[in-house]
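Taking it in order: structure first as structure tokens, then the write-up.
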């Protein structure tokens, strides 16, 4: 491990570029507010800053109309024009207030960082948080607006404009007479007694000829507010339509059309759709990573590295091994010789062998060979024992180090939460039943982990598709045991006929946070943060298997016979995750090669394959014995971990130690067997040489 005390921003960037995620920099100050390094400025639709929503302009517009609007026909738009403009003004004002409130609430909330984030993760995290603000702010505003609309409908409140109900006079006048009401019908027989959104085309009606002149995009309906929801601003983009309004209102106001090229909304976007976006065209966001670095103020940065073998190191290692074995053999071989001499009864055997001079001359050689065989076996046992002990110690040490690191971070976060008396706020909000116990710290329920309890499972998004061997495409959520699917080799050079062994985990109705990778060709795949995927790293010029959260736009996704450049990486919460297990450990999803494993258990792709070898063997044997339609792992569980995977997860520490031990012991055993057979061959050659010479 190498450390750097109080690194500067430039030094930190150099270290980050060189060592990547291996660089760890604990923050000396872990709490700040987002407003210190983030600024958000919303840009609203042009209508909200135009003269059309100004009080004075609106009064001038309708000044040419008769004072008693009932003189116009019942469905003449001149009766509703001023009401529409007033409602539009209020909508713009309320949208601005709601947006500013949501932005202020986010910027003044606490940001907790126990460790300095890389610049990529810094921007990804903020994009995720800002995206949640963008989606939550309109939802709250639309909810309140819908409540008011439903109150009006449920109480059958009669509009002052007489547009939703009309009175019916029965022709009889007396002291006890009353007027009944009747709901008005609009297009397609829609009645205001049952629905809010009944509308028809808005138009001006000539006083004497009853001729109607339609107005583009505008509607009239049960109430002015409801009809405005269904209207568009198409007329405000057309000079002829504005001239028409100016003509029938006798207005002298100048009316200039909008330019369609300046808006992200189309000209036929409804007002209701604009409300759902709070009339916001753009969220101008400025993020300063350098200020975030200064606020974090890391006291030190460190990285751990493994020194690779070189010639000098190899020579030193061999000399050390030779010296160690020499000491061990010098100590143990005399004891073995004495023990062998006692067991072989050398004195009695020597009397029988004196009759044959050749055998007598070879007796010391046989003794030496026997002794060396015993020594070799002992050394082999020592090597195996040493490998097992070292593997166990290293594995336990890693677990203890990670546990201590997590304890330090938790303690540091807890201390900060105690010293600050601010109510805990988590952005994004905690998922899957998690509780926000500290600012941006979620206390997750059982089986859920991650910064926001998004998921600890190695999962795919259920709607992504795989290609079956028979040519059919099928969503992951509908995969079954035994389905023949295509996998792509890690280097992308070949297609592999694969098979679904089991659905290791599933959550059809559970939200999870996915990283979605989209290639320039339009292919995309969504994976949870710890799900692994093979990528080509141009810096190392090799294929690496990394977790989804570590993939950057510099990487290339592995596809059949090509590498897919990443156009975009997005983070979003989606409903439904699935974790199919295949025979090869890989799966082609939307023509992109992926691994079916995660790095949750700190095992490599090959180690995972070794760990699940008993599962694959059992699958093959059962399918061979009972037939291809038999499901060896069938259960009644439709959601959650499969019992087999739950067993693996419960005993993950033991399984990891066994797998790593076997992977290290097997090479040692091979070396011992090779040395043993070399010795046997040497003995045979030695005796055959003696026989020929005599």
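From the backbone N, Cα and C atoms, a Cβ is placed for every residue, glycine too.
Because TrEMBL annotations are produced automatically, they should be read as predictions rather than curated entries.
Residue 436 (disulfide bond) counts 18 other C-beta atoms within 10 Å of its own C-beta, drawing on all protein chains shown. For 426-436 (among others), the entry in TrEMBL reads disulfide bond.
Summarising the annotation, TrEMBL assigns disulfide bond to 444-453 (among others).
Summed and averaged per residue, pLDDT over the domain 'EGF-like' (422-454) gives 62. As annotated by TrEMBL, domain 'EGF-like' applies to 422-454.
As annotated by TrEMBL, transmembrane segment applies to 311-332 (among others).
Residues or ranges marked as transmembrane segment in TrEMBL: 371-394 (among others).
As annotated by TrEMBL, transmembrane segment applies to 658-678 (among others).
Just so you know, the Cβ of residue 444 (disulfide bond) picks up 20 other Cβ atoms within 10 Å once every protein chain is counted.
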